[in-house]
Amino acid sequence: MLPFTNKDEPTQPQEPHSAPPAVNPLCMTSQPKMGSGASRRARSSFLPYRQGPTWGSKEKCLTKMYTTSGECCKACNLGEGVVQPCGVNQTVCEPCLDSVTYSDTVSATEPCKPCTQCVGLHSMSAPCVESDDAVCRCAYGYFQDELSGSCKECSICEVGFGLMFPCRDSQDTVCEECPEGTFSDEANFVDPCLPCTICEENEVMVKECTATSDAECRDLHPRWTTHTPSLAGSDSPEPITRDPFNTEGMATTLADIVTTVMGSSQPVVSRGTADNLIPVYCSILAAVVVGLVAYIAFKRWNSCKQNKQGANNRPVNQTPSPEGEKLHSDSGISVDSQSLHDQQPPNQSTQGPAPKGDGSLYASLPPSKQEEVEKLLSSSAEETWRQLAGELGYKEDLIDCFTREESPARALLADWSAKETATLDALLVALRKIQRGDIAESLYSESTATSPV
């Protein structure tokens, strides 16, 4: 029992306890162990509670979680999710499914998370893999508003304004007013201000360049120069140039008009004589055409004869050129490509350079070059083919149809190449507008040639 104390009585001040004597740490190691279980429990009651491995363990548990047996719980790596968390047993992980689930963290508790789906005006910029979620971006012609997170249509630069910064990601179109010397006659969100046309020395400006229209030039081609005697009696007559559209001041009879060469004062030939030379020129031209036709016919006959004789000796890999069996000259006469192949030196490559932008059709490209362009368009993570389709005049609904194909870029180029306007010039202009000059340069590069043995 506790001793009785009266609360009203003043307590006697107690003397302060003296500090306990210092204990030598070395002496602690030599103390005998406590023999009874009660003594061991009494000693352990003074130790702090610690979950996990014993005090002697030197390993650090990064997850800071332990099983009931004291083993450190392991964490699931990137691309893996937790199926059964750590408890009685160790953590159970499973790999995430490609394009379905993902895990971008190392964790002992988080399972695989579902992939983000790009729907509506969003298109996929990067696919969903086991360790990364899908990256969505707005479709071509739209940008993502940072406040609402939705896709909004790109602003259009009006006539007289050109593109300064393109519309992409979270950036809307930034336009600038066309400075002096440039113009923009079309409202869109892709074209910058274009430089004004400068008339050549032999041209005259009909209309000056403004911010909304280009300059217009007209060729200056005088038909003839009249020879008039000098009023001062000088020996050299003065040539006078007449506008072909102005008939004022012309002589009443053509017999009085003598044509001269520009810069020369001596008469060369009269107009009547020049008219008589026209049939001669036509006859010469006809003779040249007939001779050319005869030469081509002879070469084709000779080529067919050689093909029949050497059909069995021709190597297996000698195939017709990708441009087709016939090459067409400017006169519309077909030429056998095999005859041109026979005329090439044996040490030259059988595959020439890619066609330049000279008005030729895209379909005339070799299949290997077309496949190279398709790969460059498909390998881009920014869906360059969709931007190219917009530049080539395709509407958004047709572009969406191409996305259902296995290779959208190939489907786009195949559909476009069937048109009459599918020229290399149009393709090069469209590629430069979408800032893909690397693909445009690939059209100029030569195909890989096989070295001679």
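Cβ coordinates are placed from backbone N, Cα and C, and glycine is handled just like the others.
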Of the listed cysteines CYS118, CYS128, CYS151, CYS154, which one does TrEMBL record as disulfide-linked to CYS136?
CYS118
Candidates are CYS178, CYS209, CYS217. Which one does TrEMBL pair with CYS199 through a disulfide bond?
CYS217
Please name the cysteine among CYS178, CYS209 that TrEMBL pairs with CYS196 through a disulfide bond.
CYS209
TrEMBL annotation: CYS178 disulfide-bonded to which of CYS157, CYS167, CYS193?
CYS193
Per TrEMBL, cysteine bonded by disulfide to CYS167 (from CYS151, CYS154, CYS157):
CYS154
With helix taken as DSSP H, G or I, strand as E or B and everything else coil, how many residues of the domain 'TNFR-Cys' (177-217) land in each class?
0 helix, 13 strand, 28 coil
Would you kindly give the Cα-Cα distance separating CYS217 (disulfide bond) and CYS196 (disulfide bond), rounded to the nearest Å?
11
For the domain 'Death' (370-447), jot down how many residues DSSP puts in helix, in strand and in coil.
53 helix, 2 strand, 23 coil
Most Cβ neighbours inside 10 Å, all chains, among the disulfide-bonded residues CYS118, CYS128, CYS136, CYS217:
CYS128
Could you check which of the disulfide-bonded residues CYS199, CYS209, CYS217 is the closest Cα neighbour of CYS175 (disulfide bond)?
CYS209
Out of the disulfide-bonded residues CYS128, CYS157, CYS167, CYS193, CYS217, give me the one sitting nearest to CYS118 (disulfide bond) by CA distance.
CYS128
Find the one among the disulfide-bonded residues CYS157, CYS178, CYS193, CYS217 whose C-alpha lies closest to that of CYS167 (disulfide bond).
CYS157
